[in-house]
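Asks: My questions will all concern the structure given below.
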Amino acid sequence: MASASVPAAGYGADGVYRSLRPPAPVASDPGLSLTDLLLRRADACPSAVALADAAAGGRALTFAELRSAVLSTAVALSSRAGVRPGDAVLLLAPNCVLYPVCFFAVTALGAVGTTVNPDYTPREIAKQVSDARAKLVITISALVPKIAGLRLPVILLDDDANAAAASLPPDATVTLYTNLVAGVKEADYRRPPIKQSDTAALLYSSGTTGDSKGVILTHRNFIAAARMVTSDQDERREGPNVFLCFLPMFHIFGLSVITYAQLHRGNAIIAMSRFDINSLMEAVQRHRVTHLFCVPPVIIALAKHGKAGKYDLSSLKFIGSGAAPLGKDVMEVVAKKFPDSEIVQGYGMTETCGIISLEYPEKGQAREFGSTGTLVSGVEAKIVDIKTLKHLPPNQVGEICVRGPNVMQGYFNNVQATEFTIKQGWLHTGDLGYFDGGGQLFVVDRLKELIKYKGFQIAPAELEGLLLSHPEILDAVVIPFPDAKAGEVPIAYVVRSPDSSLTEVDVQKFIEKQVAYYKRLKRVTFVGSVPKSASGKILRRQLIAQVRSSKL
């Protein structure tokens with residue numbers, strides 16, 4: 001039974017926390033696609049800059065040009081590449097102007113965009129392609145060697161077809177993007193029947209249960225998240241803002257919270273292909289960037305960078321951070337260095353299209369370090385006791401559960417994981433947290449055992465599976481270890497077979513060949529056994545506690 005309501009926290013007598021923000025209704029038209037909503041902006045501000053590459057002399061598109069590019073690309077994908085409603089199209093590329101153009105073109109056809117990390121190995125990419133059932137790859141020539149074994153048609157966003165051909169079988173189908181869209185007219189676009197409830201994207205996340213799974217996100221999920229993310233700007237009647245996007249567009253935050261949400265409002269997106277702190281500051285200066293979403297290591301770099309004074313960063317008025325809490329000392333240093341900027345933290349996950357809560361300091365709330373802000377409009381939450389599932393009032397820690405129009409439909413082709421995560425309409429995040437008396441959400445721990453390296457999630461189960469595939473390894477466990485720059489790094493405790501002469505370097509190289517750089521083991525320790533319960537479950541938290549207290 002729920003306790004008495006606490007209106008100041010948004011906590012009702014039914015045990016549900018509701019947003020303290022004004023309502024931000026989602027478009028009611030069931031036939032509205034995310035691309036439809038986006039392209040309305042071309043009618044409202046056709047000559048305003050929509051997208052631009054961060055580097056000097058890079059490509060740029062106005063909203064009118066964005067509309068033309070999206071629809072022309074959609075026509076070409078349909079008529080020349082055979083993309084049909086429901087087909088999955090894989091995007092494998094760094095951030096660039098053409099990345100969102102292609103994603104929006106895919107969704108304009110009623111097809112499904114599935115994104116993948118360019119740092120993935122061929123094995124990891126092939127696994128996702130197989131699971132998503134992708135029929136086409138959009139990429140750049142430098143990444144073609146990673147997909148050479150897939151035998152799928154390839155569209156190259158750059159013009160280096162010769163380099164790409166050298167890595168592909170002789171009978172491979174390779175088309176330059178410029179050739180694909182040559183002579184195509186946006187007027188030839190014929191919109192297929194698309195509903196808000198149709199799948200728009202399949203983004204892969206380790207989620208709440210470990211192994212990577214395809215998160216099914218609909219047009220409605222993107223539309224709802226866009227309203228949630230931008231409603232504060234609307235309430236303050238802000239003019240168009242300029243957002244720098246260096247967080248990867250293959251990730252839900254870069255794709256949904258930054259790129260789609262801000263474009264739908266009429267804000268400009270500056271696409272940065274690779275993060276470098278000096279390049280970031282140059283881009284802020286060159287494009288007069290107003291809004292910067294970061295992860296904690298970048299915030300720390302900004303706070304400590306000795307050359308920040310060389311650049312004119314006065315245009316910045318908003319610095320947002322997610323993925324992990326910012327320490328009070330870091331927040332204070334950044335606030336001093338950027339006195340005219342709001343320093344804001346938020347919380348979200350792929351399964352919620354990137355957003356759950358966000359700080360809004362201007363609302364007069366007392367600033368609480370470690371808070372991820374209040375629920376965005378339209379999201380409801382409950383905190384449940386992990387043993388009894390009882391709803392908990394403010395200032396009591398339990399599992400964070402949420403529901404709202406931004407919540408995923410489930411995991412692709414994985415009923416078991418879906419039923420484990422979504423129960424009676426509530427998404428169980430796997431995170432422990434609480435709301436204070438003012439409705440601010442604090443995330444204090446993780447039920448799930450993911451390792452957070454900067455903005456990336458690493459599933460220990462994946463690395464453990466690879467370790468156990470080695471013929472000389474009998475048992476293994478992977479846990480997070482604190483790191484000042486990355487937040488957490490993966491380390492392993494390994495049980496060797498009796499006659500093995502494996503070294504730490506041997507194990508690290510074995511893993512390095514099979515995973516993206518951020519999943520590489522930073523340390524390997526050989527032990528006689530892995531601590532487990534009577535039922536055989538790894539006592540991971542016990543091991544983490546021992547390691548951090550230097551007892552192991």
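A Cβ is built for glycine as well, from the same backbone N, Cα and C atoms used for every other residue.
Just lifted these from Swiss-Prot, have a look:
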BINDING   SER205, SER206, GLY207, THR208, THR209, LYS213, GLN345, GLY346, THR350, ASP431, ARG446, LYS537  ATP binding site
BINDING   PHE253, ALA323, GLN345, GLY346, THR350, LYS448, LYS452  (E)-4-coumaroyl-AMP binding site
BINDING   ARG274, LYS454, GLY455  CoA binding site
REGION    276-345  region 'SBD1'
REGION    346-411  region 'SBD2'
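I'm curious about the neighbourhood of these features; can you describe it?
Replies: The local packing around SER205 (ATP binding site), expressed as other Cβ atoms within 10 Å of its Cβ over all shown chains, amounts to 19.
Remark: PHE253 ((E)-4-coumaroyl-AMP binding site) has LEU247, PHE293, GLY322, GLY348, GLY354, GLY455 as non-local neighbours, by Cβ distance under 8 Å and separation of at least 6 in sequence. In three-state terms derived from DSSP, PHE253 ((E)-4-coumaroyl-AMP binding site) belongs to a helical segment.
The DSSP breakdown of the region 'SBD2' (346-411) into helical (H, G, I), extended (E, B) and coil residues amounts to 6 helix, 21 strand, 39 coil.
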Asks: In this predicted model, what is the average pLDDT of the region 'SBD2' (346-411)?
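Replies: Per the prediction, mean pLDDT sits at 88 for the region 'SBD2' (346-411).
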Asks: Determine, to the nearest whole angstrom, how far the Cα atom of THR350 (ATP binding site) is from the Cα atom of ARG274 (CoA binding site).
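Replies: Just about 22 Å between their Cα atoms.
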Asks: For the binding-site residues GLN345, THR350, work out the Cβ neighbour count at 10 Å and name the residue with the minimum.
Replies: THR350
Asks: Do you know offhand how many angstrom separate LYS452 ((E)-4-coumaroyl-AMP binding site) and SER205 (ATP binding site) by C-alpha?
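Replies: Here the two Cα atoms lie 12 Å apart.
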